[in-house]
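A short worksheet on the structure shown next.
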């Protein structure tokens, strides 16, 4: 195998805007700032909400309503 062809891995810190600090190994040589992480993302925190704009979901269900007979 050839030597000195692989990138160097170094330990960096990824800092989220919520204050969470994550230490990871990466090929980049500087620390990074994140806008969102698993600690503050709505999907992971359970604060996710579904927004139905103007009853569009209901209109879709009504428009494409199939009976069991039509599916067979």
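Yeah, the Cβs are placed from backbone N, Cα and C, and that goes for glycine too.
Per Swiss-Prot, the features are:
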| type | residues | note |
| --- | --- | --- |
| BINDING | 16, 18, 37, 40 | Zn(2+) binding site |
**Request:** Would you list the other residues of this chain near Zn(2+) - those whose C-beta lies within 8 angstroms of the C-beta centroid of 16, 18, 37, 40 - in sequence order?
**Result:** 17, 19, 20, 34, 36, 38, 39, 41
**Complete:** Cβ contacts within 10 Å for residue 18 (Zn(2+) binding site), all chains included, total 12
**Fill in**
residue 18 (Zn(2+) binding site) -> DSSP, reduced to three states, gives coil
**Asked** In sequence order, which residues at least six apart in the same chain have a CB under 8 Å from the CB of residue 40 (Zn(2+) binding site)?
**Response** 16, 17, 18, 20
**Item:** Cβ neighbours within the same chain of residue 37 (Zn(2+) binding site) - under 8 Å, at least six residues apart
**Value:** 14, 16, 18, 20, 22
